[in-house]
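Colleague: Marked as domain 'Nodulin-like' by TrEMBL: 1-234. Taken from TrEMBL, the feature domain 'NFD4 C-terminal' applies to 297-509. Summarising the annotation, TrEMBL assigns transmembrane segment to 54-76, 124-143, 149-168, 188-205, 211-235, 289-313, 333-355, 367-388, 394-415, 484-503.
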Amino acid sequence: MAVNGGTFLFGTYSKAIKHTLGYDQTTLNSLAFFKDLGANIGVIPGLIAEVTPYWFVLSFGAAANFAGYFLIWLAVTGKLTDPKVWMMRAFIAVGANSQNFANIAVLCTSIHNFPQGRGRLMGLLKGFTGVSGAIMTQVYLAVYGDDSTSLILLVGWLPAAFSIAFLFTLRKIQVARQDNEIRVFNHYLYVALSMAFFSMLMTILQKEIKFSHIAYVATASVLCSMLLIPLGIAIRQELQLWRLKQIKPIINPLELVKIEEQVVSPLRQPPRQDASCCDRPKRGEDFTILQALFSFDMILILVATFCGLGVNLTAMDNVGQIGESLGYQIHTVSTFVSLVSIWNFCGRVFAGFVSDILIEKYHLPRPAMIAAVQAFSSVAHLLVAIPFFNGSVYVSSIIVGFCYGAQMTLLYTIISELFGLKRFATLFNVGQLAVPLGSYVFNVKICGFLYDKEALKQLAEKGLVRIPGKELTCLGTQCYRRSFLLMAAVSLAGALCTTLLVYRTRNFYKGDIYKKFKDENEKMKGEKQEVDGQHA
């Protein structure tokens, strides 16, 4: 997951695409839309995952990742002559879509193995995806130097290589929940926070101090070494479990098979054959795909996703051009992208852990946190539309990254809680279908259109006419003012929509939403203790 966020680096290498291929902002934003379309249309990968093993899912995604971004790199470096716009859109859609295969394999495996800690788990896993932009930026600076075209090549081969390396490490297991599960998750959290803090510190230092190539190599080496610490935590936990097994009496394997059939088999039962889209189960039970699609809860989730994630993703995709329009240097623009990535991670982890605590202690509906985050994100858009102080873009980048990450974690977790885990691989991809729609409306039709309109106006004021094939650039705060004022209003509208979902699910979250898993866990422990006693 730590190298699965190549889509977040679009703001860094988009300038190279725009300059090399002579695109205007509308065309570049159309590429951003197809990137978002590919990254968020995961229904097909979800359906593939329903009928194939996860090693196939990962290998398919690795091939798509390399093919998509490698073809973009060929076009930008001139090795693929005269690429059509539709070809570039297809390339970036395929490359971005590949991350869905890794998401599905990792998230679905983990959430089935740890259903009661899904908020924390989802925050951790999606958090590593969020910080991957900063990690890959450090790696690219160490390997290629400050060459944004080479970053496209890195995004093509690095995630693909990691997916191939971990093909056979993901599997679903059925075990009793350990008492120290939350403590172990917290240890992973400390490592992740340390990585994010180190990445942010290096980002700030690299802005203020000119790093040598050796310094970039050292920074990337330290960051990559930190990625090995979670492996040490896992090994330590396995050793502890092994020691416990040595103390307990040996259990007959045939008895364990019998226990597993008694306890686990009910989880594998297919949905009721007489269920229809009009005969929906209760919240928390396993919905079919059609039942979830026709649920008013899902409609509210889609609207909130359109308003919240759609506008924040638009802001993230335009951060490079925003910095350029306000007169920042290219190196500083990379700082904005890294800040978005780091705080994207912070938002994901914060939302996962804090929302779990709020549910456990106060039974606060998890959608309430989405509503709060959407209202907060409107501040970021206002800071771009009306820069109240110097450096307001830095603050805006932090808020946008945090809010986007928090909403993504909460979206996946809420879908798993309201509609069950049976079809989670497909349903969480259904839930994010509104993201590319929001990106198209706000990115292409609003931001891109208004940016180009202002850029042409500036050319006309200078007595110039745009030359076809030459990039179109706008300078000044007016380039994004109207579009970001509108997006601030949309964020507030999304918060109101999510508040309605809070009202509808308040009774559901007042109860014990994980009671089924707790009962199954206790039954599994009881059965095993009984067998232990017989063999003792």
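Backbone N, Cα and C define each Cβ position, glycine as well.
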Colleague: Who are the long-range neighbours of the transmembrane segment (367-388) in its own chain, taking Cβ under 8 Å and residues 6 or more past its ends?
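Modeller: Answer is 304, 307-308, 311-312, 315, 322, 326, 347, 351, 354-355, 358, 395-397, 399-400, 402-404, 406-407, 410-411, 414, 477, 480-485, 487-489, 491-492, 494-496, 498-499, 501-502, 505.
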Colleague: Cβ pairs under 8 Å with the transmembrane segment (289-313): which stretch of 149-168, 188-205, 211-235, 394-415, 484-503 has the most?
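Modeller: Most contacts with the transmembrane segment (289-313): 484-503.
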Colleague: For the transmembrane segment (211-235), which recorded stretch in the set 54-76, 124-143, 188-205, 333-355, 394-415 gives the largest number of Cβ pairs separated by under 8 Å?
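Modeller: So the stretch in question is 124-143.
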Colleague: Can you work out whether the transmembrane segment (188-205) touches the transmembrane segment (124-143), with the criterion being 3+ CB pairs under 8 Å where the paired residues are 6 or more apart along the chain?
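Modeller: In contact, yes.
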Colleague: For the transmembrane segment (54-76), find every same-chain residue at least 6 residues outside the stretch whose CB is under 8 Å from a CB in it, and list them.
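Modeller: Here the qualifying positions are 6, 16-17, 20-21, 38, 45, 48, 83, 87-88, 91-102, 104-105, 108-109, 149, 152-153, 155-157, 159-161, 163-164, 166-168, 170-171.
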Colleague: At a C-beta cut-off of under 8 Å, are there same-chain residues at least 6 beyond the transmembrane segment (394-415) that contact it? List them, or none.
Modeller: 107, 118-119, 122-123, 126-127, 130, 301, 305, 308-309, 312-313, 315-316, 319, 335-336, 339-352, 355, 366-367, 369-370, 373-374, 376-377, 379-381, 383-384, 424, 427-428, 431-432
Colleague: Who are the chain neighbours of the transmembrane segment (333-355) in space, where the CB to CB distance is under 8 Å and they lie at least 6 residues beyond its ends?
Modeller: 5, 8-9, 11-12, 15, 119-124, 126-134, 137, 189, 192-193, 196, 199-200, 203-204, 206-207, 316, 319-320, 322-324, 364, 366, 369, 373, 393-394, 397-410, 413
Colleague: Given the model, what does the mean pLDDT over the domain 'Nodulin-like' (1-234) come out as?
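Modeller: Within the domain 'Nodulin-like' (1-234), the model's average pLDDT equals 87.
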